[in-house]
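K.L.:
Here it is, the structure in full.
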C-alpha cells in the first residue's frame with residue numbers, strides 16, 4: 001500500500017526535488033542575462049542584493065538571481081559551471097536541510113550558493129569543516145569567488161592571535177572546524193572585556209561532513225579545563241593492582257554460581273565490573289601496598305576515591321590498548337580518533353582515565369584537569385538560527401538528524417549515473433585466512449594496473465597489513481594518523497595505475513581520488529615556479545594534462561578504483577563512506593568487504609549465527625562464505641549497534657539539556673554583567689537580599705523578641721561584612737522597635753558603608769571593580785558547579801534501584817545545585833565588596849587588570865565519559881522538543897527550568 005502511494009504521489013524526497021527543480025529552471029532562465037554583465041556589474045550585484053534585502057526583500061525571493069550570479073562568478077573565477085544538481089543541493093542547504101551528495105559531486109562548490117545568499121544578510125555565515133587543513137584550503141579556494149563578488153572571508157584556526165580571530169568572525173563568511181567554533185563560544189563566555197569576545201550572534205552554519213560532526217562526535221563534549229589536585233603517586237601505585245587481580249572467563253549469569261575470578265569486562269558498554277570475591281581481593285592488595293589501612297573497607301566514605309582510582313586503572317588495563325585507542329609519542333599518550341584514525345593531539349580522557357593509561361605505559365603523568373567550561377556539539381549547533389549540512393552518507397542516520405536536530409535529509413541525485421559494483425561480503429573463519437584473501441585481491445589488482453584503496457579500522461590493523469604487503473614485495477602507501485602531514489599528497493596519488501593505499505577509516509575525506517592521479521598538485525607547483533614565464537607554465541601544464549589522459553583511460557580499463565574493506569564498522573554509514581571513494585562522477589569502480597569471525601563486530605554481535613551457518617555448510621579451511629543471507633545478518637548486527645548508539649546519544653542529550661539550560665541562563669546573565677554600563681543596581685539588589693537573608697537567620701519573620709538572637713546577628717555582621725552596629729543598645733533605647741524597622745536600619749548601614757567606599761575611589765573605577773568581582777565569582781562557582789554536575793551524573797543511575805526515575809532525579813538535584821550556586825555567587829560578591837579595603841582608584845584598577853589577564857592556561861579538548869550516567873537507565877525516553885534559540889524571559893514569567901517559580905525568584909536572581 002505504501003509503495004503504491006509512493007508511486008502515485010512520490011516520496012517526500014521526490015516532492016522536495018520537484019519543488020526545487022522549478023527554482024532551478026528559474027535560475028537557468030536568468031543565465032543569458034547575467035552572463036552579459038561585465039565583471040564590475042556582476043560584482044556590484046552584491047551591494048544591490050544587500051540594499052534590496054534591507055528594504056524588505058527576503059533571501060528566498062533573492063535566491064534565483066543570487067544563485068545565477070554565483071554560477072556566473074564560478075565560470076569566470078574557476079572555469080567551473082555549477083551543475084543543476086549542485087543548484088538543487090544549494091537550495092536544500094538554504095532551506096536548512098542536509099544535502100546528501102555522493103563523493104566527487106562537488107559539495108565544496110555547491111556550498112558557495114547558500115553561503116553567498118545568506119551572507120547578504122550581513123550577519124555572518126560559518127562554514128564548518130572537519131580539520132584545519134580543509135578549513136584553510138576551502139577559505140583560500142572559495143575565497144577567490146567571494147572576493148570577486150565583493151565579500152570578505154576569514155578562517156579561524158587554533159593558536160590564532162585574538163585580533164585575527166575577531167577580524168575573521170567579523171568577515172561575511174568564516175571557515176573553521178567544529179572544535180574551534182565551539183571553543184571560541186566557550187572562550188567568549190570566559191572573557192572579562194566586551195572587546196575581547198570573538199563571535200557575533202550565531203546566525204547560519206553549513207556543516208561539511210555533517211554526519212561525522214553531528215553524529216560521530218555528538219558524545220564528545222568540548223571541554224576547557226585547568227589543572228586540579230596532583231594524584232601522580234596514587235596513579236603509579238594503583239597501576240600495580242590490576243595485574244594482581246584475576247579476570248573471569250565469562251560474565252556472571254543470574255541464578256548461577258559466580259565464575260572464578262575478581263572482575264569481568266563488558267565490551268559492549270566499555271565497563272569493568274568487580275565480583276564479591278574481587279572486592280575482597282582488592283582490599284587485601286590495597287592494604288598490602290599501603291593504600292588502605294588494615295581492617296578498613298573500600299566503601300568507607302573516606303576511601304571512595306580509592307575505589308574510583310582502582311576501577312579507572314582496571315579500565316586502562318582491560319579496555320584501552322596501545323596502537324588501537326591511543327599511541328605513545330614523544331613520551332605522551334595521544335588519543336586516536338575511533339572514527340577517522342587521526343591523532344587527537346591535545347585531547348585527554350577525563351575522570352583520571354588518561355593518567356591511568358599514562359601510568360600503565362610508564363610515561364610522565366600529567367595533572368588531572370578541572371572543567372572550566374564545556375558544551376556538546378549537539379547543544380552548540382542547535383544555537384544557530386539556521387543550520388544545514390552536507391555529506392555523502394546521511395540517509396542511514398536521517399531519523400537521528402530529524403529527531404535530535406530537526407534537520408531533514410534530502411538525497412540529491414548524481415550528475416552522472418553511478419556504475420560502481422558493490423560485491424557481497426566474504427566471511428572467513430579466522431583473521432589469518434581473511435588477510436590472505438585480501439593480499440591475493442590486492443596482488444591481482446596491482447598486476448592488472450588497478451589502483452586499490454584498503455580501509456582499516458585502526459592504526460594497528462593498517463600497520464599489520466602494511467607488514468604483509470612488504471613481505472609480499474608490493475609497493476604501497478599507508479595513510480593513518482602517523483602520516484597525517486602527507487595526507488593530501490597520498491590521497492592525490494591514490495588513483496594512479498596499480499597504486500596501493502592503506503587508510504584508517506575515513507582519513508583523507510575532503511580530497512577526491514582522481515583516476516590516473518591528480519594533476520592539480522603538480523599544476524600548483526608549476527604556478528609557484530617564478531623562473532618560468534606564463535607561456536612556459538601553460539605549455540608544461542598542457543603537457544601534464546596530455547600525459548594524464550592515457551593514465552586515466554588505463555585505470556578505467558582496469559576497472560576503476562578498487563575499494564577493499566578489512567572489517568565492517570559498527571555503522572553502515574562509515575562502510576558507505578569507504579565505498580563512496582570509488583565511482584565518483586560516473587567513473588567505474590568496485591568494492592568488497594572481507595570479514596572473519598574474529599572481528600570485533602562479528603564476535604560481539606553476529607558471530608554465533610554466522611559460525612553455525614559455516615559449520616552446517618562444512619566449509620574447508622580458507623574457503624569463505626559469500627551469501628546475501630550472511631550480509632543481511634551483518635547489517636542486522638550493525639543496525640543493532642546503530643540503534644544502541646542512537647539511544648545513548650539521545651539519553652546523553654536529555655541529561656545535557658539540563659546543564660545546557662543552566663548554561664544559557666548563566667552565560668546570558670554573565671553577558672549582561674559584561675555589557676552593562678553599570679551594575680550598581682544589580683549589586684545593590686544582591687546586597688539587600690543577602691543582608692535580609694542573614695538577618696532572618698537570627699531574627700525570623702513573625703517571631704517574638706524572646707526568639708531573637710541579636711548578639712549573634714551583631715557578631716555575624718561584624719565578622720562577615722565588617723558592619724559594626726550596636727543592635728542590642730538600639731533595642732534597649734527603643735523597646736518598641738519592630739523586626740522590619742531593625743532590618744531597615746541594618747540595610748541602611750550596609751548601604752552607607754558601601755557608598756563611602758564608592759566615594760573613596762570614584763564611581764567609575766568602582767563600577768569596573770564591581771564588574772570584575774562579579775565575573776570572577778560567576779566563573780569560579782560555575783566551575784565548581786560543573787564538577788558537581790559531573791559527580792551527580794556519574795552516580796545518578798543508582799537511583800533506579802530505589803524505584804526512582806534517574807532523569808527526573810538528575811533534573812531535580814541539578815536544579816537544587818544551580819539554586820545553591822546562585823546563592824553562593826550572591827554571598828561571595830557581597831562579602832568581597834563589603835569587606836575589601838581600598839585606599840585609592842589605582843588599587844582598584846590594578847585588581848581589574850589582574851582579573852582581565854588570561855586566566856585559563858593550556859586549553860585542552862578531551863573526551864568525558866558520560867556512559868556511566870546512562871548505565872542501567874531503562875528504555876529510551878521520548879524525544880524532547882528542540883529549541884533553536886532561548887527566548888528572552890520576562891522577570892514575572894515562569895522560569896524556563898521548570899521549577900514553577902517566577903524567573904526573578906529563580907534563575908533570574910542575577911539578572
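Glycine too: its Cβ is placed from the backbone N, Cα and C atoms.
Values in this document were obtained by computation on a predicted structure and should not be read as measured data.
Below are the features I grabbed from Swiss-Prot:
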BINDING   86, 104, 105, 106, 107, 108, 512  ATP binding site
BINDING   895, 897, 906, 907  Zn(2+) binding site
K.L.:
Residues near the ATP site, 86, 104, 105, 106, 107, 108, 512 excluded, by Cβ within 8 Å of the Cβ center?
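P.N.:
Near the ATP site, the remaining chain residues are 101, 103, 109, 110.
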K.L.:
Counting across all protein chains shown, how many other Cβ atoms sit within 10 Å of the Cβ of residue 512 (ATP binding site)?
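P.N.:
Neighbour count, Cβ to Cβ under the 10 Å cut-off: 20.
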K.L.:
Highest Cβ count within 10 Å among the binding-site residues 104, 106: which residue is it?
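P.N.:
Per the Cβ count within 10 Å, the most buried is 104.
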K.L.:
Fewest neighbouring Cβ atoms within 10 Å: which of the binding-site residues 86, 108?
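P.N.:
Sparsest of the binding-site residues 86, 108 by Cβ contacts within 10 Å: 108.
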K.L.:
Tell me whether residue 106 (ATP binding site) sits in a helix, a strand or coil according to DSSP.
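P.N.:
Reduced to three states, the DSSP call for residue 106 (ATP binding site) is coil.
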K.L.:
Quick one: give me the count of other CB atoms within 10 A of the CB of residue 105 (ATP binding site).
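P.N.:
Excluding its own Cβ, the number within 10 Å is 24.
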K.L.:
If you draw a 10 Å sphere around the Cβ of residue 107 (ATP binding site), how many other Cβ atoms fall inside it, taking every protein chain shown into account?
P.N.:
23
